[in-house]
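Asks: Can you keep this structure in mind? I'll have questions shortly.
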Amino acid sequence: MDWLMVHENDPDIDEPFVPPVGNVVGGAAVTQSPTDEPSIADPAEGTAGGDGSIDVDDPSKVPLSEEERLEQVRRLEELMRLKQAERRERERAEELEREKQRRKDGQELQHIRQKLQDDDMKKLSDQRMKEKMEDKMARQRVKDKIARDREERAQKFGVVSPASTATSSQPAQPTPPSPTSHGPPPTKKEYDESRIQIRLLDGSTLTAVFKSQEPLAAVRVYVQVNGNTPEGQDFTLLSPYPRNEYTELDMEKPLKELGLVPSAVLVVIKK
């Protein structure tokens, strides 16, 4: 009992007892080193000498009664129950601590995943905004190029571009009538002919003069005869300024009615 009370905090106190090597029951007495712990003899049998007699002069070797043995067993069982309860409590505390650490690690992992997802969404949003900006700039470049092409064609064909007139910074001021002019306003000149410049499909041009009362179909026939249009190619005529694609009904109208007198520029396009 004294040994158990001294070694009750040993980590292997609950392990089963393993007898030392060489200790054989009924054999010769094994010499015990000074460092070895004294073995616990059965109190009921007492401590026998070499001849089996009991040394009654030593109080620690007096055999225990049945009640004392039961009391010692009860104390040992109680001690074992306390040790087992402490071990279970310790294991429960360790398990709780591991569960807390696992939840903490899970929350940190979830936070990292959320941050990575937010970063990906931000990168995707920035990429879309960049693509939209580039697309907008590309459309603006195309519009500027179209406007420049219109200006160049207008200067080439001698037609005033509506874009140039719309973007002029200062509107033209009307010239005030001279106080000395009292005559009637000049009459509008009537033109009997129209000079038509035609741009073909291959980029070349034709220039011809038509009567103002001739239908637009005469211009189309002229293109079919003198132009490099493939045989069987169906086409129509287009007025670029202002843009107007002529239909079959317009082909029967005279040039004067269509506003193509005294001069005009027409473009051949495929149907």
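Even glycines carry a Cβ here, placed using N, Cα and C.
Note: TrEMBL annotation is automatic and uncurated.
According to TrEMBL, the protein has these features:
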type     : residues : note
COMPBIAS : 1-10     : compositional bias 'Basic and acidic residues'
REGION   : 1-68     : region 'Disordered'
COMPBIAS : 20-30    : compositional bias 'Low complexity'
COMPBIAS : 58-68    : compositional bias 'Basic and acidic residues'
COMPBIAS : 83-155   : compositional bias 'Basic and acidic residues'
REGION   : 83-195   : region 'Disordered'
COMPBIAS : 161-172  : compositional bias 'Low complexity'
COMPBIAS : 173-186  : compositional bias 'Pro residues'
DOMAIN   : 189-268  : domain 'UBX'
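Could you place these features in context, so I can see how deep they sit and what lies close by?
Replies: Computed over the domain 'UBX' (189-268), the whole-number mean pLDDT of the model equals 88.
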Asks: Tally of helix, strand and coil residues over the compositional bias 'Basic and acidic residues' (1-10) according to DSSP?
Replies: 5 helix, 0 strand, 5 coil
Asks: From the DSSP assignment alone, can you count helix, strand and coil residues within the compositional bias 'Basic and acidic residues' (83-155)?
Replies: 73 helix, 0 strand, 0 coil
